[in-house]
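Asks: Handing you a structure now.
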Amino acid sequence: MTKYIFVTGGVVSSLGKGITAASLGRLLKNRGMDVTIQKFDPYINVDPGTMSPYQHGEVFVTDDGAETDLDLGHYERFIDINLNKYSNVTTGKIYSTVLKKERRGDYLGGTVQVIPHITNEIKDRVYRAGKETGADVVITEIGGTVGDIESLPFLEAIRQMKSDIGRENVMYIHCTLVPYIRAAGELKTKPTQHSVKELRSLGIQPNVIVVRTEMPMTQDMKDKIALFCDIDTKAVIECQDADTLYSIPLDLQKQGLDKLVCEHMKLDCQDADMTEWTALVDKVQNLSKQVTIGLVGKYVELQDAYISVVESLRHAGYAFDADVQIKWINAEEVTAENMADFAQDVDGIIVPGGFGDRGVEGKIIATQYARENKVPFFGICLGMQVASIEYARNVLGLEGAHSAEIDPETAFPIIDLLPEQKDVDDLGGTLRLGLYPCKLNEDSKAFAAYNDEVVYERHRHRYEFNNEFRQQMEAAGFVFSGTSPDGRLVEIIELKDHPWFLASQFHPEFVSRPTRPQPLFRDFVGASLQASESK
């Protein structure tokens, strides 16, 4: 029978519930378990696809085209699995489904209520994650903090599951904070005690408490938490701030978290072989080289907006024994006069995705600088579009060339709306989303990176290169090195007379892994490192 583990949070948000859940998933997978994982978000939006990155951070796209929470990126990178639309559930999705059923008459005229209709729908999403994947263990992170009004239906649903399928098949892990009061020089356990008290008032007794702290805890403190929270002392797991996220699974293993799970759920499984992971962490903590990448974006104040891009750059660095340093460059502040100052200490420039006109001209200027000064350049999604616009303006001389998204009146719409998008009115869930094939030209940097004729990458866009300008651009030296198999959609562009200048319409950052860097990121960082060493 499938086992279900629920990870909740207390005291404050952003405690690292997602990293805890992902780390546990890695440990159980290395014990031979088939693991899947999901995130429940209490907000009323159907998905984060139309939310501002300032509100939510990155939107992570799955193979099947679901627009999801950034924690799914952590899950995929840690556990090395590809998730799907069942892996991210919001209050908006739950209520939308229940209301559709009510309109169809599925409830036979009954009064639709939070209990049982909403809670039953929540439980169905948990069970479906296990059924669709055939997993031995389903790990579910409950977003938000215990005590939030929005989280109550989710907590009630997972409380009911203990009675529905048996205590030995359900486990609750509660993540809390033990703050360090610098003026007193003390760690305080009282917030954890109150958080667990709140959780217990809702009918959930945690089996394990994972304590986030910036200072080491004493055994007396663990004993105190165990006493007041009614759990075994060995079930109080300390999680100190770490130099690298990838060391967390090893820290949790040392304290026996995976063993506690296996004992509680009566899982007969082997010990976790973490040899490869230990080697990864050892490499990450002892990198001998350094390379600096300038990231030109419009959301740089909130770095979580680019979290998969940053992690992919770091993964690529590991392949070269290099620590990748990110220089955050606000695209709105970039001008033709100051771009050289911004680029003075960078070895490569990356322009990631984004929507809207804010900062676009700064990105175009940064792209021009990289092209003219032979600085390794990597554009992603909007980054490919601005690279195309820049080339049209400054090489072909098409003054005012732009994207129809930014300037609908431009005489030279180098980037235009996809034909299938012209009659679409809704914003949410209507982009070209998910995994699509890309056919590569053999004589190209893209082919050299992948060493394959056809590759599959994840997409999230509504606009595409306008084929009316393709022949003209190609004649001027612009290389279309990757297209859809039918040749209709441009997927990758590059320049031949440049050390490394490449941009993709798709989002390669969504498939990178710490032990298996994405090929384009790998070669971009490699070219940047080479540029650094030749200075």
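The backbone N, Cα and C atoms fix where each Cβ goes, and this holds for glycine too.
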Asks: For the UTP site, Swiss-Prot lists SER13, LYS188, THR189, LYS190, PRO191, THR192, GLN193; sort out which one of LYS222, LYS224, LYS234 goes with them.
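Replies: Among the candidates, Swiss-Prot records only LYS224 at this UTP site.
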Asks: Hey, Swiss-Prot has ATP bound by SER14, LEU15, GLY16, LYS17, GLY18, ILE19. Any idea which of ASP71, ASP80, ASP106 it lists too?
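Replies: Site partner of SER14, LEU15, GLY16, LYS17, GLY18, ILE19 for ATP, according to Swiss-Prot: ASP71.
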Asks: To the nearest whole angstrom, state the Cα distance for the pair LYS224 (UTP binding site) and SER14 (ATP binding site).
Replies: 24
Asks: Between ASP71 (ATP binding site) and TYR54 (L-glutamine binding site), what is the CA-CA distance rounded to a whole number of Å?
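Replies: A Cα-Cα distance of 16 Å.
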Asks: Out of THR192, GLN193, GLY354, GLU405, ARG462, point to the one nearest GLY18 (ATP binding site) in space (Cα versus Cα); all of them are binding-site residues in the record.
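Replies: Going through THR192, GLN193, GLY354, GLU405, ARG462 one by one, the Cα closest to that of GLY18 (ATP binding site) is THR192.
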Asks: Reported as an integer number of Å, what is the Cα distance between PRO191 (UTP binding site) and GLY354 (L-glutamine binding site)?
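Replies: For PRO191 (UTP binding site) versus GLY354 (L-glutamine binding site), the Cα atoms are 39 Å apart.
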Asks: Would you find the one among the binding-site residues LYS188, LYS224 whose Cβ has the most company, meaning other Cβ atoms within 10 Å?
Replies: LYS224
Asks: In whole Å, note down how far the CA of GLU141 (Mg(2+) binding site) lies from the CA of LYS17 (ATP binding site).
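Replies: The separation of the Cα atoms works out to 7 Å.
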Asks: Three-state secondary structure of GLU141 (Mg(2+) binding site) from DSSP?
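Replies: Once the DSSP labels are grouped into three classes, GLU141 (Mg(2+) binding site) ends up as strand.
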